[in-house]
Amino acid sequence: MTVVVNLPPPPSLTWAILTGTSLSIVTLTSILGNALVLVTLTVERHLRTPANSLIGSLAVADLLVSLLVMPISASYELTQTWRLGRAMCDIWIILDVTCCTASIMSLCIIALDRYWAITDAVKYVHKRTPKRMMVMIGVVWLLSLCISIPPVFGWRKPEDTADPNNCLISQDHAYTIFSTFGAFYIPLIIVLAVYYKIFRAAQARIRKRINSRAKMGLSQALQSRIVTQKKILFSKERKAAQTLGVITGVFVFCWLPFFLVALIGPFCSHCHISDVIKSVVLWLGYVNSMVNPFLYAFLNKDFQKSFKKILFGRR
């Protein structure tokens with residue numbers, strides 16, 4: 001996503017070196033991490049499952065952010081002047097909004113897929129087809145394009161394109177509401193609600209399994225085993241809560257600051273949001289593309305084995 005306005009004079013050399021190094025690390029780490037996920041999905045046949053196709057779509061979106069959006073954003077950040085012309089500005093903003101929105105929406109459909117797999121496990125095994133996954137992925141990218149393209153067809157203010165040295169996303173009030181809610185706030189509500197339901201459903205299912213065994217009730221040895229299983233239950237619940245908490249927390253931490261600034265800025269003419277804050281929240285959003293491979297693939301045991309095999313030749 002893009003939000004840069006009223007850029008100051010070029011920064012000092014020290015600031016430029018530190019900033020350039022930091023942004024390069026984020027960009028390269030994101031490229032390598034997401035590329036590794038896609039290579040692994042391509043090479044390892046056993047990982048080409050319908051569920052993992054959603055992780056693949058997420059990796060594609062994040063890789064495109066890393067390759068096509070971050071380098072130009074970093075250059076703009078360092079020079080603090082747009083030098084690529086109006087047409088390239090429009091293309092860059094479309095790529096930025098489309099890919100970032102697709103990344104966020106991919107997190108949504110991954111959450112929904114996990115929820116259906118837990119709450120309707122028997123039926124969803126048959127519904128979870130490659131065709132269904134492709135339709136879900138197609139909807140994500142189509143919606144992302146629908147959010148990114150309107151400003152090119154006039155849904156913006158004349159002053160948004162007045163300064164050739166600035167490249168701004170549309171500051172039109174109606175478009176701001178449409179894009180921020182479509183790209184983030186609605187997906188955020190869905191992710192929070194779904195992950196809460198996933199935790200509650202998993203919690204209920206594990207407890208039901210333990211209680212059904214307890215009712216069978218028989219020997220003291222079996223009762224002792226049930227007590228042990230209950231301890232394991234609470235351990236699993238805690239681990240599930242921690243995992244879902246980390247996934248949700250990272251998503252909110254990375255993107256909420258940016259979308260608060262993006263929503264408030266056009267409506268609050270007397271609010272002075274410094275360019276430093278705008279830059280920090282923008283790149284904090286990009287960082288989400290860097291950490292997604294770690295949260296959704298690198299922590300997966302099947303992916304871990306395949307990564308070791310690809311990188312180190314280990315089975």
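Including glycine, each Cβ sits where the backbone N, Cα and C put it.
Listed features, source TrEMBL:
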- 33-296: domain 'G-protein coupled receptors family 1 profile' (DOMAIN)
- 15-41: transmembrane segment (TRANSMEM)
- 53-72: transmembrane segment (TRANSMEM)
- 92-112: transmembrane segment (TRANSMEM)
- 133-153: transmembrane segment (TRANSMEM)
- 173-199: transmembrane segment (TRANSMEM)
- 240-264: transmembrane segment (TRANSMEM)
- 276-299: transmembrane segment (TRANSMEM)
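Here the transmembrane segment (276-299) sits apart from the transmembrane segment (173-199); fewer than 3 CB pairs are under 8 Å, leaving out pairs fewer than 6 apart in sequence. Where the transmembrane segment (173-199) meets the stretches 15-41, 92-112, 133-153, 240-264, the count of C-beta pairs under 8 angstroms peaks at 240-264.
For the transmembrane segment (92-112), the residues of the chain that approach it from at least six positions outside its boundaries are 1-2, 54-55, 57-58, 61-62, 64-65, 68-69, 72-73, 84, 136-137, 140-141, 143-145, 147-149, 151-152, 167, 169, 179, 182-184, 187, 190-191, 194-195, 198, 251, 255, 285, 288-289, 292, 296, judged by C-beta separation under 8 angstroms.
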